[in-house]
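> The structure is given below, and queries will be raised subsequently.
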Amino acid sequence: MQGQIIKALAGFYYVESDGQVYQTRARGNFRKKGHTPYVGDWVDFSAEENSEGYILKIHERKNSLVRPPIVNIDQAVVIMSVKEPDFNSNLLDRFLVLLEHKGIHPIVYISKMDLLEDRGELDFYQQTYGDIGYDFVTSKEELLSLLTGKVTVFMGQTGVGKSTLLNKIAPDLNLETGEISDSLGRGRHTTRAVSFYNLNGGKIADTPGFSSLDYEVSRAEDLNQAFPEIATVSRDCKFRTCTHTHEPSCAVKPAVEEGVIATFRFDNYLQFLSEIENRRETYKKVSKKIPK
């Protein structure tokens, strides 16, 4: 039989096939080969009625996330709150860089709109990200329309209201929610395991919350491509490997000055580039200490 893993918990993999869910385990040869099944995997499996089954084969994945461990994703809703925690374009761009690098379509959703005081600032970000080509939504109804028939991951900083939002769009989930800690300004981790839920002919997944994101981009070229508006303009740079920092005849820096590329987006790009270069330098220093 063939099906999709919709939940992984305590060594068991729950596989959905033809409307039924089967409890399975992975064969020992998966561990020997270093292969781990993840939520979202399409698998071949065997299972007798009312008995535990076994995963026999994992099909090729189109994409994957490490944290949370989930695969074969169509799109990801990045939830950013107006307040508690405050909207942070740097953190949002870290999520977007990760998703662009993984080939996952991003949707930006703004939560806690009732706490909004300055609509002008939100309009600025909505216009900027919209011009780049991102869906930037503020209403539950608009978000629901984008979920039909898709496998969607929900992600965001701890405390932005992922579980609260999912409870609103799919009340049957009844997910646990947490409040913001006054001392830290962070929410309690309320999501315990990654699971798929059926909604609007597609599947949605709530994912464990976290307050920081280490994107998996290690090359300047990949970072360039993860900023779509920079990637487009950089085609006119003199050098194909232009990092838009010191090279002559760079097309990106004038585009920033002219407002074609938002200054805050370019600043975030430069910060991420510096972090990549610093990681490389640290790796070189550590490597030198390894004895021959």
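Keep in mind that glycine also has a Cβ here, set from the backbone N, Cα and C atoms.
Got these off Swiss-Prot a minute ago, pasting:
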- 62-213: domain 'CP-type G' (DOMAIN)
- Ser111, Lys112, Met113, Asp114, Gly156, Gln157, Thr158, Gly159, Val160, Gly161, Lys162, Ser163, Thr164: GTP binding site (BINDING)
- Cys237, Cys242, His244, Cys250: Zn(2+) binding site (BINDING)
> Measure from the Cα of Thr158 (GTP binding site) to the Cα of every one of the binding-site residues Cys237, Cys242, His244, Cys250, then give the nearest.
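Closest by Cα distance to Thr158 (GTP binding site) among the binding-site residues Cys237, Cys242, His244, Cys250: His244.
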> Could you pull the average pLDDT for the domain 'CP-type G' (62-213)?
82
> Using only C-alpha positions, which one of Cys237, Cys242, His244, Cys250 is spatially nearest Gly156 (GTP binding site)? These are the binding-site residues in the record.
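So, spelling it out, the nearest of the binding-site residues is His244.
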> Report, in whole Å, the straight Cα-to-Cα distance of His244 (Zn(2+) binding site) from Val160 (GTP binding site).
33
> Would you count the other CB atoms within 10 A of the CB of Cys250 (Zn(2+) binding site), including those on all shown protein chains?
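Cys250 (Zn(2+) binding site): 20 neighbouring Cβ atoms within 10 Å.
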> Would you list the other residues of this chain near Zn(2+) - those whose C-beta lies within 8 angstroms of the C-beta centroid of Cys237, Cys242, His244, Cys250 - in sequence order?
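The answer, listed by sequence position, is Ser234, Lys238, Phe239, Thr243, Glu247, Ser249, Ala251, Val252, Lys253.
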> Based on Cα distances to Ser111 (GTP binding site), point out the closest of the binding-site residues Cys242, His244, Cys250.
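Among Cys242, His244, Cys250, His244.
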> Identify, among the binding-site residues Ser111, Thr158, Thr164, the residue whose Cβ has the fewest other Cβ atoms within 10 Å in this structure.
Thr164
> If we check Cα distances from Lys162 (GTP binding site), which of the binding-site residues Cys237, Cys242, His244, Cys250 wins as closest?
His244
> Starting from each candidate's C-beta and looking 10 angstroms out, tell me which of the binding-site residues Lys162, His244 has the most other C-beta atoms.
Lys162
> Determine the Cβ neighbour count for Cys242 (Zn(2+) binding site): the number of other Cβ atoms within 10 Å of its Cβ.
21
> In whole Å, how far is Thr164 (GTP binding site) from Cys250 (Zn(2+) binding site) when you measure between their Cα atoms?
45
> Out of Cys237, Cys242, His244, point to the one nearest Met113 (GTP binding site) in space (Cα versus Cα); all of them are binding-site residues in the record.
His244
